[in-house]
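Take a look at the structure set out below.
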Amino acid sequence: MARFKPIYIRRSDGRLELVVKGKRRETNAPTPDQLNTAADKHGVSDFYREVGVDEMKSLDWRRKLGGMIAREMRWEEKEYGYILLAFPEHYRLYEHIKKTIKDGKTEIRSKTHAAGGNDRQDAYLYGHPAGRKKRYRSPADFFPHILWLLTDESGDPDNCGCKLCSPEELEAAIPGAKIKAEKPAKLDRDTIRVASAPSLQQRSSSMAQQGSGPTPKIRQEPTVTARSASVPALSPTPLPTARTPDQQLDRQYFNFMYRPGELVWFKRGQAWGLGAILRRWITNNGRTDQYQYSVQPLSYPNHGSAAVVKSTDYEFRPWLAWSVPKFTHDGLNNLLEPAHYDTADWAGMTQKRYGHGEMEVDASILAAKAVDGTYTPFGIVKTLQPEPGVTETHYNGLFLGAEKLWVGDPARLQVGTGTDIMILHDVIERRHASPASSAHLSLHLVGDIYTLTAIPLRPGESNPNVPSTTQGAASPPDPFLPARLLEDLRDRNARSIPARSQASYWKLISPASRLGPEAIKGRWYEASLLLPVLQRDSYETMARKGEVQEAGLWMNARGDCVSGNRPAHLPRLPKPNVKKETRESAFGEALPRGVMVLEGTMPPRSEQVDPALEGGEAMQMDPKFDSAEDAAAAAEGGNGGSAATGEEGDGGGAMEEFMDLDGSADLLPGFGGEYASRASQGGYY
């Protein structure tokens, strides 16, 4: 017999009884009439009974729930299974039995195994705080709720995604699902809080797609649904007004892809490097506008090289589009206490204590990982004191890791379907003054959460939720969604409707939600603009088939780089979240002293730009960033298509032996590959 490890659920919201209709108490279980086992005049017994903890039905439920929890938490144990030691407190399993007794014997009318020789024999789990009418019909139904009990530290039932706490989720999640409208029991407001908002945090499928499974699919909207009468209509929040010209510029479609202060991959001659966008501007050659960027390469302290100028998005990748590579100094890869830019042993690297490698490359990796764990709010809007000892500062945006987010921007979420976004409406920093210790800071991001929903739509048909795809059609501005979000959707629907008779739209699922920075994957990018860069060889095929999906499916999340280039035998590291007062201080000494990040789009004076760099030229030869494919090929004795062939003991070869990535970067599924998710259609790790 298989052995099982027990799981004990410490927290529970279960209720044995609750107050309804004023002061009347009601047990959270089948009614006394339902518990009556007596047969009627026809010999039919129709009743409920409580299932004992040692009975097979209870064991079966608890084994299934234990297995689901283990899979969700990624507990890998080959010798053991998992089982709940007991249901959460005050949750009880009942069996509904219906049988017919004739001539002293039970008539067998159902031949199903589940009925156990009875007409019916179904199990239901009671205990939900909404009362006896809200019961779970299967382990799969209860699993999202038990996952919420396990993972949501706030204990807010609004964060639970089960069909009892968030019945409207069923409509979006299950094609063709119909929800029976039940008149909810009137509950004492002081006794119980019934969740009516949809899921914000972990759901049963929350992070399962982070594994090696298929690409997450967008939700299919049911064609016919019966909406529950108990579910209130959701009201979106109007889009905040842009407060600065740069903020307004970044809301536009087909404009600057990157923003001053952002950490990016950029083309350095025949290879790729890591740098910071210092400024951007627009020039005109008499025919078209050209979008230019000044990029400062990252390096080790007191070794800053000159900034370079780039003028095409094909010379950039977002930091989160590729994974962090291993250090070229191999000794840095095996440190139990990982190296950090601020405390790195630069003298030791110079003296080759960590093996042979390129200091500038490893310094840029260390700097990028450090920046990824920082945040910097900017643009104070107002300061309030909502209660004694608490100060709230509201900002117009923040640098979060590698990227810059304005209020009004869409952001990718760690929680939900994998493509859910939040339209950011407020950035709030709460400071709790304490006389006994330093002030405690907490960061809150407030906004409306949307999910990408697909519906059938043939050419020539229209739907009020779907933006018009007619060329030249002037649509009124949407007061709730950024223009770039809708323009991207219009471009993708113009391809999917004729090819697949399917359209998508952004459906509001949770207005005025409040999340911590750890819930944000990163900035949202237009798939119609970024995927032609990330997927140069396959994008046209995807577009022709009408299968252009969210760009975020091919990108990592903030914090993934923390343990990304660590060997598997070393422990995983916590994800930092460190506040920096200025964007320059987030990069620290990786930028040359005195370098500043500048807003606006005015071109720099000619003397501020090195003419030799205006064409984007950099080092003729540049260090290689090995990919996971290179490492695998080397282990198999192959060359991975472009592996280096340095002499033994030289740390991987001289400068001229590093890989030329020109023209091949888009064939690689990213640098590294030891963390985050990979899309099934050739996405990045």
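From the backbone N, Cα and C atoms, a Cβ is placed for every residue, glycine too.
Curation plays no part in TrEMBL annotations; they are all automatic predictions.
The range from 103-123, 565-585 that TrEMBL describes as region 'Disordered' is residues 565-585. The feature region 'Disordered', as given by TrEMBL for the ranges 132-162, 597-627, 628-658, sits at 628-658. Counting residue by residue with DSSP, the domain 'Cryptic loci regulator 2 C-terminal' (394-526) contains 21 helix, 62 strand, 50 coil.
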